[in-house]
Amino acid sequence: MASMDIASILQGGYQHPLSRSWQARRHITKSMLMYPIFITDDPDAYVEIPSLPGQARWGVNKLEGFIGPLVQKGLQSVILFGVPLNCVKDDRGTPADDPSGPVILAIKKLRTLFPSLYIACDVCLCEYTSHGHCGVFRLDGSIDQEPSAARIAEVALAYAKAGAHCVAPSDMMDGRIKSIKRALIDAGYGNQCTLMSYSAKFASALYGPFRDAAGSAPAFGDRKCYQLPPQAKGLARRAIQRDVAEGADIVMVKPAMPYLDIIQDAAQLAPDHPLACYQVSGEYAMVVAGARAGVYDLRTMAFESVESMVRAGCTLILTYFTPQFLDWLSE
Ligand SMILES: NCc1[nH]cc(CCC(=O)O)c1CC(=O)O
Ligand SMILES: [Zn+2]
Ligand SMILES: [Zn+2]
């Protein structure tokens, strides 16, 4: 019985809740959470999104009642997605930087209502283009790189001028980070606005509920010529390094849980930058659906999912679970 080897026994190190907590290199905190919210152009809208349980499209007049209680619980940052339903979309996404569009109105409103809240804006064209793609296209259906990067930069600058603390391009057009950084600097916003790049954004099956929520499904084809192939570890590494070289302040990996190896790579490739990951709509829906099917307890699984991201090395998590985490982390 006394034969157990000294080196065999690990359990003595985590026998107590406190000693278990010491096993984590880093813990999830409220400041790591960024909450994605959908802003629509009917100012009084509150429309639940069936494929994204618990999430809704909000009109600007509803933001105070929606965000106020969350700020009370410790919400520190949001990322805004525009959902224009009453605008005329065209091939260059003109409504994206409409001064009276939902995103710009929401930035101004939130800045006034909640001065301590950090406001990031997703920057993309797909919600605003007639074809539903994220860039500007030539007549033959191929991406027109320079006009795409230039148009994305115009939109990002408009959000920065409206008061966004952070602009986050999710379009995956080549050269957009450089183009946005240049535009911010030239307009005097170089030191006013963070540039968070969706650097390693994969062509994933997990965006379905988002496209449903934002009305941004492409009218033809898919996004495989600009979002990365799921197996493309090398391209992801190159994209991360490219975006750092082009002036990104934060890099992001998206989706998160199926790409933990990429998060870990990014932490090594960009060790001096904050590292974000996006637990996307389909990941959220999957966790919720599993809990509803009795596969696991929702809270336990939600923690396990984001803890995997923290363990892989991210410092910032975009997640639809943010309101629930604010409650859970308050207990
Ligand atoms: N550029 C659009 C965009 N910005 C964020 C997401 C996904 C977010 C989510 O699924 O929660 C998408 C979807 C897409 O690329 O089709
Ligand atoms: Zn897009
Ligand atoms: Zn986007």
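Residue 1 is the first one shown; counting continues down the chain.
Cβ atoms are placed via backbone N, Cα and C, with glycine included.
Per TrEMBL, the features are as follows:
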- Lys201: active site, schiff-base intermediate with substrate (ACT_SITE)
- Lys254: active site, schiff-base intermediate with substrate (ACT_SITE)
- Cys124, Cys126, Cys134: Zn(2+) binding site (BINDING)
- Arg211, Arg223: 5-aminolevulinate 1 binding site (BINDING)
- Ser281, Tyr320: 5-aminolevulinate 2 binding site (BINDING)
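Where TrEMBL records a feature, it is marked here on the structure.
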| residue | record | Cβ contacts under 8 Å, 6 or more apart |
| --- | --- | --- |
| Cys124 | Zn(2+) binding site | Ala96, Cys134, Ile152, Pro169, Ser170, Asp171, Ser216 |
| Cys126 | Zn(2+) binding site | Gly93, Gly132, His133, Cys134, Asp171, Ala214, Ser216, Pro218 |
| Lys201 | active site, schiff-base intermediate with substrate | Ser170, Met172, Gln227, Leu228, Met252, Val253, Lys254 |
| Arg211 | 5-aminolevulinate 1 binding site | Ala217 |
| Arg223 | 5-aminolevulinate 1 binding site | His133, Cys134, Met172, Ala203 |
| Ser281 | 5-aminolevulinate 2 binding site | Ser51, Leu52, Leu206, Tyr207, Gly208, Pro209, Phe210, Ala213, Tyr320 |
Excluding Cys124, Cys126, Cys134 themselves, which residues in that chain have a Cβ inside 8 Å of the centre of the Cβ atoms defining the Zn(2+) site? Gly93, Leu125, Glu127, Thr129, His133, Gly135, Ser170, Asp171, Ser216
Which secondary structure state does DSSP assign to Lys201 (active site, schiff-base intermediate with substrate), in the simple three-class scheme? strand
Cβ under 6 Å from an atom of ligand 2: which of these recorded positions qualify? The list is Cys124, Cys126, Cys134, Arg211, Arg223, Lys254. Cys124, Cys126, Cys134
Out of the recorded positions I have (Cys124, Lys201, Lys254, Tyr320), which ones have their Cβ sitting under 6 Å from ligand 1? Cys124
According to DSSP, does Cys134 (Zn(2+) binding site) sit in a helix, a strand, or coil? coil
Starting from the Cβ of Cys134 (Zn(2+) binding site), draw a 10 Å sphere and report how many other Cβ atoms land inside it. 28
Got a sec? Which of Cys124, Cys134, Arg211, Arg223, Ser281, Tyr320, the binding-site residues, have CB under 6 Å of any ligand 3 atom? Cys124
